[in-house]
């Protein structure tokens, strides 16, 4: 499945993950024992968890910015009403 060669002729970035997964599969009778290694390999290939985490951080940052803007707007209104 994995040749070990990356796009620039060097070892691919996920080759070590593949080798760990492959050796686990060779050594075990129960393939479910290798699920975490498989998950690591798939994550290395596709970065889904990383993208999900990044998206969660972005959503939370936007949520916090909205809250902060709302607080600042309320403070501005309160300050303006005190002046009059």
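Here the Cβ of each residue, glycine as well, is placed from N, Cα and C on the backbone.
Whatever TrEMBL says is automated annotation, not expert-curated.
Feature annotations, reproduced from TrEMBL:
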DISULFID  14-44  disulfide bond
DISULFID  24-34  disulfide bond
REGION    52-84  region 'Disordered'
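Here the features listed in TrEMBL are painted onto the structure.
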residue: 14; record: disulfide bond; DSSP (3 states): coil
residue: 24; record: disulfide bond; DSSP (3 states): helix
residue: 34; record: disulfide bond; DSSP (3 states): helix
residue: 44; record: disulfide bond; DSSP (3 states): helix
Provide the number of Cβ atoms within 10 Å of the Cβ of residue 34 (disulfide bond), excluding the reference atom itself.
19
Per-residue Cβ crowding (10 Å cut-off), top of disulfide-bonded residues 14, 24, 44:
14
For the region 'Disordered' (52-84), DSSP counts of helix, strand and coil?
32 helix, 0 strand, 1 coil
Just to verify a number: CA distance, residue 14 (disulfide bond) to residue 24 (disulfide bond), in angstrom, no decimals.
16
